[in-house]
Amino acid sequence: MTVLAKDAIITLAHGSGGQAMQQLIETHFVAAFDNSELALMEDQAQLPLAELTLAGDRLSFATDSFVVDPLEFPGGDIGKLAVCGTVNDVAMAGAIPKYLSCSFIIEEGLALATLERIVQSMAVTARQAGVRIVTGDTKVVHKGACDKLFINTSGIGIVPVDRQLGARFIQSGDKVIVSGTVGDHGAAILQARGELALSGTLESDCQPLNGLVEAMLAAGSVRALRDATRGGVAAVANEMASSAGVGITLAESAIPLHPQVRGVSEILGLDPLLMANEGKLIAVVPAQHSEAVLAAMRAHPSGAEAAIIGEVTNGSAGQVKVSGPFGGERLLPMPVGEQLPRIC
Amino acid sequence: MGAAVSLRVRGQVQGVGFRPFVWQVAYQLGLSGEVLNDAEGVLIRLAPVDRLDAFMAQFWARLPPLARVDEVESTSERCDQPLPFPFTITQSQAGRANTSVAPDARICDACASELRAPADRRFGYPFINCTHCGPRFTIIESVPYDRPATSMKAFPLCPQCQQEYDDPADRRFHAQPNACLNCGPRIRWCGSDGHDLAIDDMALDDAVLALKRGEILAIKGLGGFHLAVDATNATAVQRLRQRKRRLSKPFALMVPTLACARRYVQISAEETELLQGLAAPIVLLDRQHQGRALAPEVAPGQPCLGVMLPSNPLQLLLMAAFAGPLVMTSGNASGRPPCIDDAVALAELGPIVDGFLTHDRAIVNRADDSIARVVDGEVQLLRRARGYVPEPIPLPLGLERADQILAYGADLKNTFAYVKQGKVLLSQHLGDLDDPDLFQAYQDNIALFGRLFDVRPTHRICDAHSGYHSHRLARQEATTLTVPHHHAHLASGLVDNGWRPEDGDVLAWVLDGTGMGDGSTEHALWGGELLLGDYQRCQRLTGLPAVALPGGDLAARQPWRNLLAHLERFAPHWQTLTLPVLRQLESKPLLMLRQAIARGMQSPPASSSGRLFDAIAALLGLNFEQIHFEGEAAMALEALAGQISPRHLPAQSAKPEPELTALWHTLLDGLAAGREPADLAYLFHAQLASELVAVARYHAEQHDCRTVLLSGGVMQNRLLQTLLRLQLNEVGLTPLFHRRIPANDGGIAVGQAAIAAARLRHVCYQS
Ligand SMILES: [Fe+3]
Ligand SMILES: [Mg+2]
Ligand SMILES: [Zn+2]
Ligand SMILES: [Zn+2]
């Protein structure tokens, strides 16, 4: 690894297609991602089909763009987010994620050291998830044309022959499981922005979930999986309820919360069910498999605090309800923008 | 062959004993002719024409108690056939929907005395009724209003009841719920698990004994269940509070007689009339100073008690036997809407009660007890339900051609409304649509009202708040208008005062919690606005300063949050002051909340007067931490202020904008100087009123408008109303207050309906 000047920054030259760019890619990206496909430095990656077809009968293909302020936050950074986000989207089909592409849009003036850290973090996360970053692109834009750094990743994975997951398979009586505490990422970002005067450390839950998914599918049958990112559990539950034409009832008291997230939401009146996660999934599982799947999740480091938080009902199709500790219920609609007070 | 006259009668004239009444009048006058029900109401044809005046005199003098005649249109006709003699009731042609369903009415005096007469065949029968009284709205499933369309269909009439039903001379002629012990519904006394223990008289006796032992009963009424307990038994009332998890919200009382009520509360002539009226609402009454002791847990800290008289025969029998005041609170479990279904009641109320006094007639439509009171001599409805619904509310002249509109109402204290032929059909009070079951009931009721009144809306209108469940539902339809919350408050107040579109603009101070504004201010949420407008449009002239709501809706539940936000805004030096309540505030996570306020995170600014009341209440040590029911802090503040006898405060000179800095400084200085909280609570009311009047005065001058409407939930504050009335009159402005349409969000649907009517007037109804 080259030793960086302390104050080196990205300039427009790094995106010119010329020598500066070449050097940036070779010394930082190729070195960090370290795989044979990328090392060829072609404009595309060539992937061995035979190996893929042995693993399953369908490709799962997803793309996502990542923007976050700040770029680095407790528990992660935009690079880790970019790898986990796409890995998780691919994995929610029950697929085994294999390859990622990665595009950087960089605002001129970004510290080279920052980029270096983010790229390293992507490399570490990709290894952890067992995926290879095999192709990519870099653009540098004028100051103000983007905010420091945007990353797009796309990914493909293989869905094994016997796996059929999707919201359309959800049935009344199924259990709803969350893989751990809810709202950690949203709260960590607020804290990192200096918007919460929190003591203690609150970390984003940003993590790849494909290992957890494998453990779950080995333990029992699963109807549908969704990672609860933007819009939180509320968005996922609503999507599932409306596309399956079922009702979903969540039990407020069963929802796992980090004590600090609970504290923040009590002070600010935030609903953790609406807060973003970057390493939590919602699984809908047939009731008779729910305990086995839950046990497998809890035995996995990414699901230690997994819990059954609700169930699927056949009444009021498309509707998500939350039952309170004393028997009251409230509607949990699809989140739309800012939540303004309703009480008159 | 010869001259005849036909009278077309419109109003509430069906299912209320109208035809037999007409028959009796005509028969006794020896007239020829007939009377019949049709789609428009009642049609009377009679001869000879020269007896019309005599007929009309009797007609107006002897109208049945539940009848309401809106219009009589007379036309003379020549007929080829002689009219029937003697006068006849002609069977109605089946077909078009009935035009009117009457509200439920309290038991009439005739039925009440039969109920008490040992020789009467309905002696002690808890479902006695006649065409002048009894259930209507709560038992109807569809139209026309006929026994098979009601929950009485399960009870075929016995020969005796049938005879009454068929006899035009009988008080029970076509009384759809007519019944007796042989053929009608019967009461049961059950354990809390629903097992029958006794029926009929025995059931009543056992229930009364249980109440005397201090047990908690669920009692099935007309429009829902009540939870009842001996109001003089503190342990029993406390147990009800614990089981219902209702910590402080006052309970209503039912008393056997007016005389009994007088032991606890003061009752004026107007209040007596209200208590004994057909609707028999809960009436809020001032406690007697030296009153008889009730359990303090009935209505802790409240200067008023909500009192009602028995209104159905079962309650009458129960109260006569119990002979004392009962807590009669609505039959719902904590956080749940009131139940009407037997199975749901068993499941939800079973854990709360020791027994059920129930019966086998289904409740079809929920109707909670209505709540009313008298302020400055005027009746004001706070909750409009049993006894008032579905009586139509006429739109003012100028909007009388409005038709086929559905107004979705607000999300809390929800009611919805249809407009049919110039009349608003306002639903019963439903409640907070955030509850999934209630949201479903809301949709079911919208459909039911559409069927009952034969309305197929072509236009819809809803609140502008996109987070409202009613808004989401309404916006699924293409033709939906949206309206700012406070414009709807204004319009509902105008309808209530019979204001015609041609009467021009009014000024309106609309004071409530929060509602969606019209986008003309930087703060999206309003709650203390001075508006100028009419049905069609309105503009905001000024309003209370916008203050953050730290925590969003949590600010409406935790008054200290508003105290913090107001102090940060109006007295930022507050931490240098030495007041115990401020030290209490300092124990809150100030750093995080200040950041949230500064960055607008979960802290939307709102010009809310409701939250101002909360903040002041918290300052004065009332409900600092949290409230348990809506308006609790404001009610406590008003009650505290009520300890001070009113004094005259000279009117301020006119000013363009209200401000709160001086008010906050006065209160903080007053506290520091050791002034009594009661004194400061009064001062707050007086200064706020004076501020509102000074601003109204300025804009009255600017816009040459002398009428000031007062609307919004905060306007239920009786002290504020009285102060505003006095001051506005003093400066030559005319105040308008709400009366029959609640000033709170329960009246929003009427305002929306009128706004839609006005906006559509030029589009649809004129050609
Ligand atoms: Fe309101
Ligand atoms: Mg995606
Ligand atoms: Zn009667
Ligand atoms: Zn009978």
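Cβ from N, Cα, C; glycine included.
Around B:ARG19 (active site), the same-chain residues at least 6 positions away in sequence with a Cβ under 8 Å from its Cβ are B:VAL35, B:LEU36, B:ASN37, B:VAL42, B:ILE89, B:PRO168, B:PHE173, B:HIS174. When secondary structure is read from DSSP and collapsed to three states, B:ARG19 (active site) falls in the helix class. Feature annotation from TrEMBL assigns active site to B:ARG19 (among others).
Here TrEMBL flags B:ASN37 (among others) as active site. DSSP assigns B:ASN37 (active site) to a strand in the three-state reduction.
TrEMBL lists B:4-91 with the feature domain 'Acylphosphatase-like'.
Under the heading domain 'YrdC-like', TrEMBL lists B:201-387.
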| note | Model confidence over the domain 'YrdC-like' (B:201-387), as mean pLDDT, sits at 96
| task | Determine the Cβ neighbour count for B:ASN37 (active site): the number of other Cβ atoms within 10 Å of its Cβ. | result | 23
| field | the domain 'Acylphosphatase-like' (B:4-91), counted residue by residue under DSSP: helix, strand, coil | value | 24 helix, 37 strand, 27 coil
